Amino acid sequence: MSEPLALAAATDRLPSPRAYTERKPPKHDRIDQAVAGLVGRGRALLTSWSARRYARLADTALAQDSAIAALSDLELRARVREISARLRARTTFRNADIADAFALIRETSGRISGQRHYGVQMMGAAALLDGRIAQMATGEGKTLTATLAAGVAALAGLPVHVVTVNGYLAERDAELMRPLYTALGLTVGVIKEKQEQPERAQAYACTITYCTNKDLAFDYLRDRVALGQRASDIRLKLESLHAPASRLAQLRLRGLHFAIVDEADSVLIDEARTPLIISAQIGSQFEPETLARAMEVARSLANAEDYILDTSEHRVLITEAGRKRIAGLVLEDGPAWRGRVTREGLVSQALSALHLFHRDEHYILREGKVVIVDANTGRVMPDRSWSDGLHQMVEHKEGVALSSGRSTIARMTYQRFFRRYPRLSGMTGTTRGVVAEFWTVYRLPVVRIPTHRPVKRRHLVDQVLLDETEKWQQVTQRIAELHHRGCPILVGTRSVAASARASDFLTRAGLPHTVLSAAQDGDEAATVAGAGQRGRITVVTNMAGRGTDIKLGPGVEEIGGLHVIMVERQDACRIDDQLAGRSGRQGEPGCFQAILSLDDPLLDKSLVPRGVARRLMPLLGEARAQFFGRHLLRFAQARTERLHARMRADLLRSDQMQERILAFAGHSE
Ligand SMILES: Nc1ncnc2c1ncn2[C@@H]1O[C@H](COP(=O)(O)OP(=O)(O)OP(=O)(O)O)[C@@H](O)[C@H]1O
C-alpha cells in the first residue's frame, strides 16, 4: 500500500481539481501495446506474490478475532473512531492500520448481519486498496468484500464510489450493506435512474456512493459541461476557494477519488466499446417524407450488389454500384437529396434500421416508443437514443411517432473516464482474455484470490445440434427431466426474442416457468428470489446473467443445486462464465450445461459458413461432429472477442486523437 493518497483534498465538498485531471495516459501505438501486454501478463504473474502479502494481512486481522469479539458495542464503536483518526492522520494506508480496520469492520458486520468476512474476502479487499483488480470466483461474496475496502477508504476520509453494471445491483448492494456502514458512522447514497440533480448531489455527498457506470460517467460529463472552459486544474483550484455556492450547486459530483468497480470486466472492458455522448434536442432532424423516401430507396437496393452488411461491426457499406443507383433513384427528389454524403448517409441509416437493428433484440416497443435494450446488461435504456437519425429511422420502420433529433454536446469514453480516478480498483469473477487489456488501458494488474470453499459446480460437456428446432426439443426434454426431479433450472438466452421463443416451447411442453427480460422485468427481485426454489424454471436474458445471487430453497442442495442451461453463446466467454456462476456459489453444488445449435447468432461471424457446417456435421459421426460444432462456436466467439478488442482500441485511439486536437482549440468534453 505504497502510493500516497490525496486524503485532505478529498474531504471537502468541492470538486478536487486533481479529480478532473487524467493520470498520464499510456501510449497506444501497437508496439507499446504489445510490450505493455507482455508486461501486464508478467505483472499478473508477479501479483500472485502480492496475494501472499494480502494473505498475511488477512491473517493479522483474523488473529485479532477473539480480542475484538470480547469488546462491548460501545467499545467497538470507540475503536472504529480511533482507527478512523489514525487512517486520516496519514497520507498512505499502512498494512497494520488496514488489518486493524478490517478486524473491526468484520466484527461490526458479524454483529449486524451475522456475516463475518472470510480471510479470502480480506485478501480481495486488500487488493482493492492496493489499486488492483481482485479476481474472485462468482458467488464468493464480492458485495461483502467491497465493504472492507470501501469502509477503510471512507474511514480515512476518502469519498468512495462503488460502481456496478445496473441499477438493480447498485440499489440492492447499498441497501444490504447500509446497516453496516451506518454502524461504522459512514453515510451511504445510491444513484437511481430517475433522480433529479439535487438528489444526485446529495447521494454523491455521502461518504460511500453506490451507482452504475452509466449514471456516474454521464453525471461527470454533465458536470464537465456545466463547468465549461473553467475546468482546468488551476482554475478549479482557484474556484474552489472563491466560487459562489450557486455555481457549485450546479454540480453533481465532488470529484473522482476512489472507485471500486464491481463486475470490472463488464464495466471497464465490455462497456468501453460504446462512447458516452451527451446530446440536446434540436427539433425534428428529418422530415417524415425524407425518412420514408430513404426507406423506399433502401428497400429497392440489392444486398451484396449495392451494399454490404457488415454484421460483425454492425455497419453498412454502400458499394460503388449502390452509390450510382441511389443517385439515379433520387434524381427528381428535393434538396435534401442533393448532397452525396447526406443522401448516402440517409440510405445507409435506413439499411441499418431495416437489416441490422431488430425488434426484441436491439430494442423493444414500449408505450408506442422505441426503447433501446443494452446489449451488455440486457436492460432497457429508456432515456437513450441512437444518433445521426438512426433512432428516427427505426421509429419510422416501426410506424411509431418520431422523436426529435439530437445534436452532440459532449462525448468521452469509459476508458478516459475511469483513468481519471487517482485510485481505481475492481472486482470480477472472470478475466479470461482481458488481463493484458486491464493493464494496457487502465494500468490495473489482476490478482487472483483463492475461493473460500472448493468449487463443486459440475460443467457438462456442450451439446451442439443442427438447428434451432432440434435444439429446443433437446432443451425442453432436458428441462422436463430435471423438473421432474424437482431441480430448479435457469435458462440463459441472449435476447428478448430468444427468451420469448424459449417460453413458447416450454408452454407447449406444459412446463410452468417465469421469464425475466427487458420486456418482462416486472418484479425482478421476486423472480430472482424464487429461481432457486424446488421445481422452478426461470428463463432469463443476460439481465440476470451477472451479479444476481440466487439462493437455494430448502432441499435443493440435496438434489444437486441450481441447474443452468445456456442456449446461446454470448459475445465473450467471460459472459458465459458469469451465467455458469449463478450456480455452485459459496461451495454449493450446481450444474452448468450448454445446449447450442448451428443457428447460434455467433456463427454469423464465423469463417466457416453455417450451410457448410450443417452439411459437414452429419458426415463426421456423433463424437467428431460434437467436437467440430463445439470448436466452431468457440472459434466464432474468439473472433468476436478479438473484433471487440479492436473496436475498443480504435475508439480509444480516436478519443485520444480528438483530445490532442482539441487541446489546441478548447476542451474535448
Ligand atoms: N462472509 C460471508 N458469510 C456468510 N455469507 C456470505 C459471506 N460472504 C458472502 N456470503 C453470501 O454469499 C452469497 C454470494 O455473495 P455475492 O452475491 O456478493 O457474490 P459475488 O461474488 O458478488 O457473486 P457474483 O460474481 O455472481 O456477482 C450471498 O448470498 C452472500 O450473502
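Backbone N, Cα and C define each Cβ position, glycine as well.
When Gln121, Gln570 are compared with the ATP site residues Gly139, Glu140, Gly141, Lys142, Thr143, Asp549 in TrEMBL, the one appearing in that site is Gln121.
Summary for the binding-site residues Glu140, Asp549: the Cβ-based neighbour count within 10 Å is maximal at Glu140. Once Cβ contacts within 10 Å are tallied over all protein chains shown, the binding-site residues Gln121, Thr143 are led by Gln121. Same-chain neighbours of the ATP site beyond Gln121, Gly139, Glu140, Gly141, Lys142, Thr143, Asp549, judged by a C-beta within 8 angstroms of the site's C-beta center, are, in sequence order, Met136, Leu144, Thr145, Arg585, Gln586. Candidate binding-site residues: Gly139, Gly141, Lys142. Fewest other C-beta atoms within 10 angstroms, Gly141.
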